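Colleague: Below you'll find the structure I mean.
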Amino acid sequence: MKFTSKENERKQRRREEENARRIREEENARRIKEGEENARRIREEEENARRIREEENARRIREEEENERRRREEEDERRRREEEDARRREEEDARRRREEEDAKKKFESHKKRMEQLKGQPRLPKFSVPKRYDIWLKPDLSTCKFDGSVAIELNIIADTSFIVLNAVELSIDTTFISFTHPATANSSNSNQVLKPLYVDVVEEDEILVLDFADTLPIGIGLLTIAFKGILNGKMKGFYTSTYEHNGEEKNMAVTQFEPANARRCFPCWDEPACKAMFKITLVVPLQLVALSNMPIIEEKVDGDLKTVSYQESPIMSTYLVAIVVGLFDYVEHLTSDGIKVRVYCQVGKVNQGKFALDVAVRTLEFYKEYFAVPYFLPKLDMVAIPNFAFGAMENYGLVTFCERNLIYDNQHSAAANKQRVVIVVAQELAHQWFGNLVTMEWWTHLWLNEGFATWVSYLAANHLFPELEVWTQFLNDCTEGLRLDGLAESHPIEVETNHAREIDEIFFDAMRDKKGASVIRMLQSYLGAECFQRSLASYIKKFTCSNAKTEDLWFALEEGSGEPVNQLMNSWTKQKGYPVVSVKVKDQKLVFEQSQFLASGSLGDGQWIVPITLCCGSYDVHKNFLLQTKSETLDMKELPSDRSNLATSWVKLNVNQTGFYRVKYDEDLAAKLRYAIENKYLSATDRFGILDDSFALCMACQKFLVVLLVQVLIPNSQISYKVERIAADANPELLECIQQFFITLFLRSAMKLGWEPKKGESHLDALLRGEVWTALAVFGYDPALKEASRRFHAFLDDRNTPLLHPDIRKAAYVAVMRRVSSSNRFGFENLLRVYRETDLSQEKTHVLSSLASSPDPSIILEALNFLLSSEVCTQDAVLGLAVSREGRETAWTWLKDNWEHISKTWGSGYLITRFVSSIVSPFASFEKANEIEEFFANQTEFKIVRTLKQSIEQVHINANWVQSVQNE
């Protein structure tokens with residue numbers, strides 16, 4: 001048992017030892033394993049460290065390499081950028097140099113083109129206006145206006161320029177654009193182009209828009225904004241003043257002919273550039289706003305209203321019209337339903353009724369005569385207080401100087417009534433001849449005006465035969481003959497090379513009067529029916545178009561078979577006219593033509609002269625063309641006993657339808673005197689014979705005594721002229737000459753009396769005022785006293801029958817003939833009449849009488865009154881006809897006030913009236929030299945022709961004085 005225990009102990013010990021050994025082995029194994037593990041870990045760590053070092057080295061190398069690569073790339077990029085910057089700088093410099101060079105070239109091209117455009121007679125043809133949309137806002141208190149215009153243009157030729165007319169306008173260059181619409185095949189939107197250069201050439205009155213590129217061919221829209229001044233020059237868009245309820249107010253008015261639409265809106269301001277016009281006005285609510293067409297819409301916005309008008313038919317810019325003011329109107333309809341209105345100042349509407357009746361009847365007449373109806377839906381006629389001309393034929397809106405439109409049954413004279421008829425008929429004639437068919441250029445202006453003047457008498461004679469207007473037409477014809485008898489005359493068809501020359505031919509009385517006279521001569525030669533038929537054909541052919549003079553000649557030549565072009569060229573393309581001398585030789589009449597010059601000089605002109613003559617009776621007549629210097633007519637060709645030249649009188653230029661003078665040999669002149677004494681000749685032919693004799697006497701081709709023997713009918717203008725020449729030639733003759741004319745005029749005065757007679761003719765009514773005025777001028781004391789008596793009655797009662805309107809001018813002249821520094825009653829009371837009346841025709845009578853006094857100090861006062869604010873600008877010229885005694889006073893006054901006159905009236909034609917009225921009456925070579933010296937340094941080009949003609953007239957008068965002295 002003991003053994004077992006020990007054994008167990010040994011076994012236990014062995015187990016323990018074995019366990020210890022195992023533990024040691026395990027520990028050793030563990031230590032070995034741990035060592036190995038540590039070694040492995042160390043190796044791994046070392047390996048990892050090595051790998052990390054290698055990776056770090058590799059990363060570092062890579063980074064270094066990357067950095068180096070990046071550095072190289074950055075260096076390359078820097079060099080590339082530097083090179084790119086350098087290249088860009090070079091390119092920019094090159095581009096800038098190219099742009100500068102292009103700009104320089106374009107500017108040089110622009111300057112060169114501008115130089116080419118300057119001074120051109122016409123606008124370039126590469127763009128054509130089709131329609132205008134005009135917006136205007138006039139401010140009548142500040143006398144300014146804002147505006148814009150959108151012009152539909154057709155670009156018809158390659159151009160980068162648009163050239164149109166504009167003057168005295170402030171162009172807003174930021175609001176100028178040309179819009180070209182996108183084409184149907186293009187997806188692009190509208191192309192809006194802005195001009196590179198905007199130039200206003202004031203001298204040529206043009207606006208030049210220079211675009212960077214060539215403009216697209218076709219339709220585009222040019223838009224321009226602008227501002228302007230409502231000027232006081234009575235042209236363009238201007239202000240006229242009127243009185244309402246005792247307060248002076250402004251109205252806005254346009255006067256665009258000949259070339260002043262450009263002062264209101266930029267445009268192609270040439271007659272051939274016809275277009276349609278749509279106008280919109282923004283005006284004070286209480287005012288009447290008129291334009292060419294009817295109103296289609298009015299929109300009220302506070303104190304203003306926007307008025308839109310129907311688009312016009314095609315017409316020229318000079319016919320566009322606008323009137324804004326306070327008016328009353330009367331209206332009537334034609335048989336076609338055309339609404340005709342006459343607009344007058346408030347309170348004067350009844351004075352427009354006569355003109356309204358004339359207008360309606362005249363439109364009916366012209367519709368038949370021209371075989372074409374009036375073209376517009378309405379016709380307005382407006383009386384304007386401040387108006388430079390007699391009237392203006394604006395399409396559908398005719399403007400008139402007030403005295404030419406209004407007629408007062410109680411206070412207007414017979415002459416005023418006739419004036420209204422003629423002026424209304426003339427302006428309405430233009431609605432066809434000028435507006436419907438328009439001259440192609442101002443060269444043909446004579447036809448526009450001359451034809452309208454002639455046809456106005458035709459219409460007046462048809463509608464108012466009692467006026468006997470063809471007898472009055474002789475005054476126009478005679479004035480044309482007087483002006484065209486000057487060496488300083490000119491052809492009525494004047495080639496116009498620049499817009500600035502238009503005024504010189506536009507304000508030309510000779511053009512209208514000679515033009516009307518040669519048209520009448522042609523109509524008389526071709527026959528009334530043939531002329532009318534051919535004229536209607538011409539109007540139909542050129543309706544809404546432009547025509548030249550030759551187009552009318554062709555129509556008349558085609559309709560008549562006569563050589564109209566050749567015939568009329570001799571009258572329109574050369575100045576002057578012939579005097580046809582006629583004598584009897586072997587029972588034959590010998591005719592010889594030569595140019596008539598009032599100076600008595602010889603001219604070299606030759607004409608194709610339509611000769612009309614009658615022998616012993618108006619039933620025995622002959623017409624033929626005198627085509628050479630001389631021709632002979634065998635009177636045996638006239639199958640009548642009265643064609644015997646031994647016993648019968650012969651009258652050439654029957655009824656004075658020809659524009660020429662006639663000089664008869666002594667035998668024929670004596671027989672004509674017999675015919676006049678026995679009243680075988682018409683009043684027209686008697687007047688023609690007297691006027692021819694007067695002209696020949698002035699030209700020193702006939703003695704004064706011979707003229708006086710032939711003066712069998714009263715003619716105030718001839719009488720006044722003869723009186724002045726006689727007084728200058730020999731003051732001792734003056735009383736005899738005055739007594740001669742007093743005796744002549746007194747016969748008619750006693751027959752006519754001072755007051756109108758029931759049923760008397762219109763001519764007698766006109767003659768009454770003329771003869772009593774003449775008797776006053778010649779100092780017939782009973783006439784002066786009776787006129788004074790009647791004038792006193794008129795001062796007490798403006799409606800007295802003692803001073804009928806027909807004799808008021810005579811009474812006023814008579815009153816002024818008795819006025820002196822010590823007797824101012826008549827002068828001061830005439831001024832009172834002027835200030836108190838609101839009738840423009842009455843004011844005209846007063847103004848034209850004030851300078852009739854023989855007292856120089858009164859004349860000076862009267863002339864100074866013309867320059868005062870009391871006299872309308874256009875009316876000042878009405879008072880320039882001074883008495884014989886006042887010529888020197890008037891000349892001194894003109895010189896002293898020339899700077900003011902030139903500044904006030906120099907922009908229009910009225911300044912020429914100052915020159916001609918005051919210069920022409922002189923009759924000495926010394927005075928002619930003095931006048932030339934004074935005007936030598938004056939620069940107003942508009943007076944050049946008038947001044948030359950006036951000085952020539954002084955020379956003519958001086959020669960006549962010498963001739964009378966030699967008698």
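A Cβ is built for glycine as well, from the same backbone N, Cα and C atoms used for every other residue.
Where the annotation comes from TrEMBL, it is an automatic prediction and has not been curated.
TrEMBL feature annotations, pasted as is:
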{"type": "COMPBIAS", "residues": "1-106", "note": "compositional bias 'Basic and acidic residues'"}
{"type": "REGION", "residues": "1-118", "note": "region 'Disordered'"}
{"type": "DOMAIN", "residues": "128-319", "note": "domain 'Aminopeptidase N-like N-terminal'"}
{"type": "DOMAIN", "residues": "354-571", "note": "domain 'Peptidase M1 membrane alanine aminopeptidase'"}
{"type": "ACT_SITE", "residues": "GLU427", "note": "active site, proton acceptor"}
{"type": "BINDING", "residues": "HIS430, GLU449", "note": "Zn(2+) binding site"}
{"type": "DOMAIN", "residues": "649-955", "note": "domain 'ERAP1-like C-terminal'"}
Colleague: In whole Å, note down how far the CA of the residue listed as 'active site, proton acceptor' lies from the CA of GLU449 (Zn(2+) binding site).
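Modeller: The separation of the Cα atoms works out to 10 Å.
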Colleague: Please identify which of GLU427, GLU449 has the densest Cβ environment, defined as other Cβ atoms within 10 Å, among these recorded positions.
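Modeller: Going through GLU427, GLU449 one by one, the largest Cβ count within 10 Å is at GLU427.
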Colleague: Counting only residues 6+ away in sequence within the same chain, which have a CB under 8 Å from the CB of HIS430 (Zn(2+) binding site)?
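Modeller: Within the chain, HIS430 (Zn(2+) binding site) has Cβ neighbours under 8 Å at GLU393, ASN448, ALA452.
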Colleague: Using DSSP, what is the helix/strand/coil residue split across the region 'Disordered' (1-118)?
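Modeller: Split into helix, strand and coil, the region 'Disordered' (1-118) gives 116 helix, 0 strand, 2 coil.
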Colleague: Which whole-number mean pLDDT does the model give the domain 'ERAP1-like C-terminal' (649-955)?
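Modeller: Here the mean pLDDT over the domain 'ERAP1-like C-terminal' (649-955) amounts to 92.
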